[in-house]
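See structure below.
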Number of protein chains: 2
Amino acid sequence: MTTFSDIDRLAISTMRLLAVDAVSKANSGHPGAPLGMAPAAHVLLRNMRMNPKNPGWINRDRFVLSNGHACALLYSMLHLTGYDFSIEDLKSFRQLHSKTPGHPEFELPGVEVTTGPLGQGVCNAVGIAIAQANFAATYNKPEFTLSDSYTYVFLGDGCLQEGVSSEASSLAGHLQLGNLVAIYDDNKITIDGDTKVSFDEDVLKRYEAYGWEVLTVNKGDDDLASIDAAIKQAQKSKDKPTIIKLTTIIGYGSLNEGSHSVHGSPLKADDVKQLKKKFGFDPEQSFVVPQEVYDFYQKSVAQPGAELNAKWDQLFSSFQKRYPEVGKELVRRLSGKLPENWDEKLPRYTPKDSAVATRKLSEMVFEDIYAELPELIGGSADLTPSNLTRWNEAVDFQPTNSGIGNYAGRYIRYGIREHGMGAIMNGISAFGANYKPYGGTFLNFVSYAAGAVRLSALSGHPVIWVATHDSIGLGEDGPTHQPIETLAHFRALPNTSVWRPADGNEVSAAYKSALESKHTPHIIALSRQNLPQLKGSTVENALKGGYVLQEVSNPDIILIGTGSEVSLCVEAAQLLAAKNIKTRIVSMPDTLTFDKQPTEYRLSVLPDRVPIMSVEVLSTAGWSKYAHQSFGLHTFGASGKASDVFKYFDFVPEGVASRAEKTIAFYKGKEVDSPLKTAF
Amino acid sequence: MTTFSDIDRLAISTMRLLAVDAVSKANSGHPGAPLGMAPAAHVLLRNMRMNPKNPGWINRDRFVLSNGHACALLYSMLHLTGYDFSIEDLKSFRQLHSKTPGHPEFELPGVEVTTGPLGQGVCNAVGIAIAQANFAATYNKPEFTLSDSYTYVFLGDGCLQEGVSSEASSLAGHLQLGNLVAIYDDNKITIDGDTKVSFDEDVLKRYEAYGWEVLTVNKGDDDLASIDAAIKQAQKSKDKPTIIKLTTIIGYGSLNEGSHSVHGSPLKADDVKQLKKKFGFDPEQSFVVPQEVYDFYQKSVAQPGAELNAKWDQLFSSFQKRYPEVGKELVRRLSGKLPENWDEKLPRYTPKDSAVATRKLSEMVFEDIYAELPELIGGSADLTPSNLTRWNEAVDFQPTNSGIGNYAGRYIRYGIREHGMGAIMNGISAFGANYKPYGGTFLNFVSYAAGAVRLSALSGHPVIWVATHDSIGLGEDGPTHQPIETLAHFRALPNTSVWRPADGNEVSAAYKSALESKHTPHIIALSRQNLPQLKGSTVENALKGGYVLQEVSNPDIILIGTGSEVSLCVEAAQLLAAKNIKTRIVSMPDTLTFDKQPTEYRLSVLPDRVPIMSVEVLSTAGWSKYAHQSFGLHTFGASGKASDVFKYFDFVPEGVASRAEKTIAFYKGKEVDSPLKTAF
Ligand SMILES: [Ca+2]
Ligand SMILES: [Ca+2]
């Protein structure tokens with residue numbers, strides 16, 4: 001048991017007041033949760049293994065603040081324990097370009113994941129815990145425990161109400177993630193007031209139903225010994241995640257403690273003063289940290305952490321000598337590099353190869369690369385036989401006692417939980433060790449996970465969505481399953497690669513781009529139906545994002561297609577050729593990648609003086625950046641045989657050709673600039 | 001107790017085989033769940049109140065097939081009980097333009113909601129149950145029980161794994177919805193195989209934690225009496241929703257029963273034959289319905305239902321005499337009409353009125369219209385003080401014993417459950433009686449509900465999203481809360497009105513459009529910050545979706561703005577005027593509405609020969625339909641004071657004006673066509 005004394009209480013008061021001062025100075029933010037949760041934060045710090053001078057140490061314990069609005073608490077914790085956060089940083093809380101934005105952001109030292117959108121953080125923590133379990137099962141040896149870290153997560157009522165957390169929590173229970181400890185701030189308050197207006201379920205009973213260990217601390221804002229005992233108990237339960245319900249008073253110490261008025265607005269000046277007095281601080285001073293508090297955190301947290309880190313470094317050194325091969329692999333992974341020439345394994349195709357659905361080609365990529373890339377870990381949201389996301393020899397990531405896999409397995413059965421899957425992938429990526437998580441579902445249902453996809457893009461987690469059944473080409477399942485708006489949506493999301501490969505070479509390119517990406521999530525949209533291997537496609541061409549697939553001299557029109565519509569454009573071009581109309585065909589598997597090419601190259605693909613028409617059997621929104629005219633869908637799809645549905649919407653060679661002719665006629669005699677040329 | 005005999009078993013076999021035949025004929029679909037669930041479906045029908053000849057009867061019991069992929073079962077049920085579904089319709093299952101698409105669609109007779117995307121249906125059912133409870137509390141009188149219907153929902157493992165169902169189920173327990181009965185098909189199989197690969201939580205314990213009554217039937221594919229007893233028990237528990245766990249064998253009777261191979265593919269021909277033999281049918285015949293089965297359903301379901309409907313009609317007739325005023329209101333609501341001249345209550349503004357945030361103006365609309373529109377029912381996902389969605393005198397929709405509201409209340413505390421809220425709104429709308437549900441959250445978090453919004457649009461539920469904090473203008477909360485892609489996403493979704501009003505008159509127009517809409521959901525994006533009342537704005541102008549706000553003769557440029565950027569354009573125009581540049585300003589609060597205006601009108605707003613630049617502080621995707629150049633954001637936002645953030649991204653009058661000048665220069669000497677003119 002840790003013993004607590006006056007210095008602990010002084011440290012807690014300091015932490016509370018730093019958070020309050022930050023919010024007051026910004027005149028914006030959330031003082032309530034920091035006041036209530038500072039004791040738990042302090043006790044947790046005393047139980048955590050971390051080295052503030054080396055925030056990237058792979059065997060650190062992780063701390064996720066799922067209720068990210070309480071970040072004034074997190075920044076105070078990081079400052080006090082010696083991370084690279086100064087008092088000046090706290091003073092510029094929530095100001096433009098500060099290191100202390102309104103919600104914690106992944107790239108900051110000591111911030112494990114970006115949080116704020118409720119429910120995400122706890123799912124990220126599940127992902128981190130999965131990665132740790134896999135990492136440990138893969139690399140630990142009897143005499144070398146390289147990985148045994150815990151993931152701790154604070155969460156509030158909001159995180160528990162969001163469905164995404166239910167998805168990940170149910171899976172975490174199934175997976176028996178004993179390395180995961182959630183601390184629930186049960187303060188009975190949300191923005192709308194008392195939780196009894198909408199949330200009176202029995203949370204612990206629910207988590208028991210998921211298979212978690214559940215613990216309770218009644219005086220969470222005061223009873224340090226009980227908090228400590230609960231955390232230690234949680235550490236001991238190795239085959240279950242633990243949730244500790246901590247009853248706290250929101251805004252503890254404030255004149256308005258226990259009310260929702262302290263949740264999201266600065267305390268009044270008078271209130272801050274009485275609070276400082278109450279905690280034994282000078283009411284006239286702000287951002288005060290007694291030296292003994294710095295010293296205490298140094299001695300009790302930072303120094304032991306640094307020592308453990310140094311010991312681990314020695315251990316790893318010996319490991320490398322004892323297991324040179326694996327050691328090399330680990331060094332590589334920890335440096336964030338892929339194996340040299342890994343991409344030589346990617347399959348390549350010629351037009352003589354047979355027509356294959358791109359989802360199937362994606363499966364063939366997995367077959368060819370899984371052995372090369374131990375960092376590849378993924379699964380499907382219960383659509384494995386449709387998404388084709390599992391290589392033949394894959395072992396499921398499952399607890400050993402389940403008899404259906406083990407933690408060294410790299411295939412995750414996510415269940416029908418797309419949003420949870422997306423958030424868990426972010427956590428796996430955030431763990432480090434170059435983990436490359438992927439997840440399969442129908443393209444249409446990536447939208448269920450929009451909240452998590454957005455955070456992949458914002459945080460720069462290069463996760464991979466294997467998004468099959470990418471159009472009305474899925475046929476009979478009908479409009480509930482046929483994406484229309486989906487590509488437009490994710491292309492409009494900054495820092496998101498949306499690939500829609502047309503054939504095998506482009507599928508290989510998509511995976512090369514995805515797996516080599518350091519900071520950009522990839523959505524790879526794949527067909528259900530077979531597509532021919534195209535003349536003119538190469539992996540290298542496709543890696544430019546857009547390229548001339550089939551060239552003619554002096555084209556009358558340029559057709560840009562993606563995915564299944566590229567071969568449709570090729571067929572349309574043949575009809576047009578019969579009328580002496582010359583067509584250049586451009587394949588554009590990923591607009592974001594194309595945008596990054598030099599202007600000269602882009603203009604060589606999409607030059608002046610030729611009308612350009614895009615062809616994609618989804619919403620046309622966004623295509624005008626590349627084309628003068630767009631052929632797409634502006635209604636929902638229909639249930640029927642895929643070929644019937646394509647025909648109904650006129651996505652047949654004749655339909656494309658006739659629109660190409662109209663486009664040529666429309667621009668006849670007009671000065672036609674490349675759409676790439678803009679005023680600013 | 002209902003008694004069951006051979007005719008019941010014959011009816012069940014008929015229903016099973018109709019579903020199997022439909023799937024086989026289509027060579028596509030899901031035979032497994034219909035085979036397992038037909039007995040429950042049959043027993044449920046015998047317990048339901050419905051009139052197949054009048055599917056719109058307001059006091060019918062509702063049946064929602066949340067596992068919508070089992071729709072061959074639903075279509076068979078509807079055919080057998082006499083809804084407008086013929087054997088020919090069953091024979092054209094999953095074919096283009098048939099009445100029996102791959103997943104059930106709302107507009108079909110007897111289909112209460114569109115299902116298929118997992119998790120949605122059970123949430124819709126919660127919404128229907130809420131609407132029924134509100135309707136009953138509002139209109140029932142001691143001697144006139146106009147409303148006492150039940151909502152029944154079938155759901156499978158997928159629906160239970162999806163987080164959205166957790167959100168709505170937790171709320172349903174809190175709300176004590178005794179009129180809701182869920183029947184869980186516990187067949188231990190999902191697409192990935194045994195549920196033990198990802199889903200071994202204790203579902204009933206979880207539902208108990210939510211406050212539901214939980215019941216179990218062990219032999220769900222055989223024990224009709226126990227199913228019947230459970231349904232009757234569920235009907236009796238008036239202060240709790242009920243979930244009945246029905247253990248079934250997926251693909252019951254098939255050679256592959258109990259395995260996932262019967263889930264989503266037609267049975268083999270041999271298997272179908274042995275199945276028919278097993279059930280006592282001719283293995284060589286298909287789509288067979290013994291006449292006594294038709295007669296039985298007629299006698300035991302359709303006829304009693306028709307009689308109850310007739311009795312209800314009489315009751316309603318007497319009600320109208322006894323309560324003529326309320327009777328008139330009810331007749332109006334049941335006919336789907338708003339009160340005459342209701343819109344005269346909408347506030348109107350002049351430029352002299354002070355600058356107000358559009359979220360505040362939205363609140364003022366609620367204050368002015370709530371008393372006129374008893375069908376208006378809504379709330380917020382725990383952001384009431386931010387979304388400003390609650391009128392002052394509102395009563396919360398809560399169970400009476402909670403002491404904080406009653407079922408006649410029209411303000412719903414959704415909790416932090418955006419996706420559940422969206423799906424519940426769809427259910428409330430589907431109930432009928434002209435209910436107009438609305439729900440508040442930050443615009444950025446409407447994305448959490450993308451799955452439900454898509455189904456609003458596909459089904460044509462005219463629900464209303466009050467989406468505040470609609471840009472980087474929310475300031476300090478930072479990029480996790482600042483929408484960038486959101487408007488582009490929902491504008492690319494067919495049949496979705498995305499309003500972004502610029503001032504008070506436009507807010508009133510947005511609500512007029514939303515409330516008068518019969519089939520189109522509305523997302524109303526509202527500012528956190530104050531915006532001036534604009535010269536040139538009127539409700540009537542705004543109702544065209546786009547209009548000339550400020551005119552000049554022979555403009556050099558047209559600036560199109562939405563929301564907070566319209567007044568920015570006005571300021572920019574003043575800077576430009578000082579340089580003798582003449583600017584027409586177009587306000588475009590809703591592009592979908594604008595698209596519906598006559599060509600002539602649209603061309604008068606956006607004519608040839610003038611370069612057009614759009615200004616909106618989000619993604620520019622989609623704007624090229626209306627503008628030659630677009631000023632927007634292609635990165636995430638930033639945490640800071642709103643004014644600092646706007647300035648950083650150059651969304652200030654000078655930034656707009658300088659880009660306008662560049663646009664003029666770029667198009668100088670070029671032939672400029674209206675972007676509205678297209679080749680096809
Ligand atoms: Ca709380
Ligand atoms: Ca199932």
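Even glycines carry a Cβ here, placed using N, Cα and C.
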For the substrate site that TrEMBL gives as B:HIS30, B:HIS263, B:ARG359, B:SER386, B:HIS469, B:ASP477, B:HIS481, the extra residue out of B:ARG94, B:ARG206, B:ARG322, B:ARG528 is B:ARG528
Which of B:ASP157, B:ASP202, B:ASP222 does TrEMBL put in the same Mg(2+) site as B:ASN187, B:ILE189?
B:ASP157
Ten-angstrom check, please: count other Cβ atoms within 10 Å of the Cβ of B:GLY158 (thiamine diphosphate binding site), all chains counted.
23
Checking the recorded positions B:HIS30, B:PRO117, B:GLU418, B:HIS469 against ligand 2, those whose Cβ falls under 6 Å of one of its atoms come out as none
Filtered B:HIS30, B:ASP157, B:ASN187, B:HIS263, B:SER386, B:ASP477 - binding-site residues with C-beta under 8 A from chain A
B:ASP157, B:SER386, B:ASP477
If you measure every Cα to Cα pair among B:HIS30, B:HIS263, B:ARG359, B:SER386, B:HIS469, B:ASP477, B:HIS481, B:ARG528, the residues listed for substrate, what is the largest value in Å?
49
B:LEU118 (thiamine diphosphate binding site) and B:ASP157 (Mg(2+) binding site), compared by Cα position, are separated in whole Å by 9
Please find, for B:HIS69, B:GLY116, B:PRO117, B:LEU118, B:GLY158, B:ASN187, B:HIS263, B:PHE445 as listed binding thiamine diphosphate, the greatest distance between any two Cα atoms, in Å.
35
Based on Cα distances to B:GLY116 (thiamine diphosphate binding site), point out the closest of the binding-site residues B:HIS30, B:HIS263, B:HIS469, B:HIS481, B:ARG528.
B:HIS30
Counting all other Cβ atoms within 10 Å across every protein chain shown, which of the binding-site residues B:ARG359, B:HIS469 scores highest?
B:HIS469
Checking the contact step here: among the recorded positions B:HIS69, B:PRO117, B:ASN187, B:ILE189, B:GLU418, B:PHE445, which have a Cα within 10 Å of the Cα of B:HIS481 (substrate binding site)?
B:PHE445
Pick out which of the recorded positions B:ASP157, B:GLU418, B:ASP477 has the most other Cβ atoms within 10 Å of its own Cβ.
B:GLU418
With every protein chain in view, how many other Cβ atoms are within 10 Å of the Cβ of B:HIS69 (thiamine diphosphate binding site)?
26
